[in-house]
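Student: Below are the structure tokens for one structure; questions will follow.
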Amino acid sequence: MSDTPPDYPTLQSIGWPWPGPPEEAAWQAIFAAHPQALPARVVEQHRTGYVAADTPQASVKAESLPEWQRPRFPSHERAAVGDWVLMEGKRIVALLPRRTSIKRGAAGEHYHQQVIAANIDTVFIVCGLDADFNPRRIERYLLLVGGGGAQPVVVLTKADQTEYAEDALAVLEELEAQNIPLRAVNAKDPDSVAALRPWLGDGRTAVLVGSSGAGKSTLTNTLLGTQKMKTNAVRENDSRGRHTTTHRALIPLPSGACLIDTPGMRELKPTGEEDLAEGGFSDVEALAAQCRFNDCAHIAEPGCAVRAAIDAGELDPERVANYMKLRVEVASAAEKLATRVAQNNRGKGSGKRPASVDRPGRR
């Protein structure tokens, strides 16, 4: 990183949220504690470390904080792509508070949270209109995005295929009812992809999430106007693809926005902090509040407003089944989170190192 004072107009071109120095007290306090450090943004995350940048053209391999190398250090407290950090030379000295994020419960038996991307304005949930089209997976992504501070936009790629058009129309109607934007595009066609421009203005940051083979890397290349990201063909029998993107990376776009491409994620576990109403099920939650019994399971109870809506053809029964499944998963994850918090508090009281716990980030 440069030893000159921060160039805030240039930092704005990679997503810096203010025209000058930070305007939030928490950021100001960290700046004051590190007067010799300069701000930079994490633009790549690898298993072996990070790459950070303070301009769209220049980046350096960054030395992470020593505590981030400890196996039991909470994963959510390590930097993620999109994070803002303070650096002295090539060394990260502080992680600045996140303004928004998208995260998931990490794979495995033990409770951890994984930050997928930080300080983002928009989450593009990418799904192909092919054999991999899965409305239930879209709902799961919407749940993870909800409450994180970023706006979800569902992007259906391979719009030139018509086999799943009827299913897509049903999803469109459900999303429109909740004011969640949906755009169908041909990821290889610049004119078609132009439909995403409203969310890719100067200084904005968006992240692409979705399964392998959904077209995220193809979409990235079209937005860039060049073949920067490697793409692979998908299997014809199930439309699944290999992991083209192997690590998360933030890429400046010609529009002045920044785009974060991510590898396909096979497992999308809730963290226990999700709000079903904010995560794509506001209509179901509103109906559930009208049920006769507060603990209604929406199966066969008398006075169930959710079942009545299903019987009237106003709700998709498969969507309600997914809602109930996700509600159980969120409750289970919330119990694990509470246990971790309790262990953390006991560890602090005893003077022992507390158990790792991923606490909610600042939004």
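Cβ atoms here come from the backbone N, Cα and C positions, even for glycine.
Residues or ranges marked as GTP binding site by Swiss-Prot on the basis of sequence analysis: THR157, LYS158, ALA159, ASP160, GLY210, SER211, SER212, GLY213, ALA214, GLY215, LYS216, SER217, THR218. Taken from Swiss-Prot, the feature Zn(2+) binding site applies to CYS291, CYS296, HIS298, CYS304. According to Swiss-Prot, the feature domain 'CP-type G' maps to 112-268, an assignment based on sequence analysis. Marked as region 'Disordered' by Swiss-Prot: 340-363.
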Student: Give me the non-local Cβ neighbours of CYS296 (Zn(2+) binding site): same chain, 6+ apart in sequence, Cβ-Cβ under 8 Å, ordered along the sequence.
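Tutor: The list for CYS296 (Zn(2+) binding site) reads ALA288, GLY303, CYS304, VAL306, given in order along the sequence.
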Student: Measure the Cβ-based neighbour count of THR157 (GTP binding site), defined as the other Cβ atoms within 10 Å of its Cβ.
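Tutor: Taking every protein chain into account, the count is 27.
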Student: What's the CA-CA gap between ALA214 (GTP binding site) and CYS291 (Zn(2+) binding site) in angstrom, rounded?
Tutor: 38
Student: Pick from ALA159, ALA214, CYS291, CYS304: which of these binding-site residues has the biggest number of other Cβ atoms within 10 Å of its Cβ?
Tutor: ALA214
Student: DSSP three-state call for THR157 (GTP binding site): helix, strand or coil?
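Tutor: DSSP call for THR157 (GTP binding site): strand.
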Student: From the centroid of the CB atoms of CYS291, CYS296, HIS298, CYS304, the recorded Zn(2+) site, which same-chain residues not already listed sit within 8 A by their CB, in sequence order?
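Tutor: In sequence order, the nearby non-listed residues are ALA288, ARG292, PHE293, ALA297, ILE299, GLU301, GLY303, ALA305, VAL306, ARG307.
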Student: What's the most sparsely packed of the binding-site residues LYS216, HIS298, counting other C-beta atoms within 10 A?
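Tutor: Looking at the binding-site residues LYS216, HIS298, the Cβ with the fewest others within 10 Å is that of HIS298.
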Student: When the number of other CB atoms within 10 A of each residue's CB is tallied over all shown chains, which of the binding-site residues SER212, THR218 has the maximum?
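Tutor: In terms of Cβ crowding, the pick is THR218.
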Student: Could you tell me the C-alpha distance between THR157 (GTP binding site) and CYS291 (Zn(2+) binding site) in angstrom, no decimals?
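Tutor: Each residue's Cα considered, THR157 (GTP binding site) and CYS291 (Zn(2+) binding site) end up 38 Å apart.
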Student: Indicate whether CYS304 (Zn(2+) binding site) is helix, strand or coil by DSSP.
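Tutor: Coil, per DSSP.
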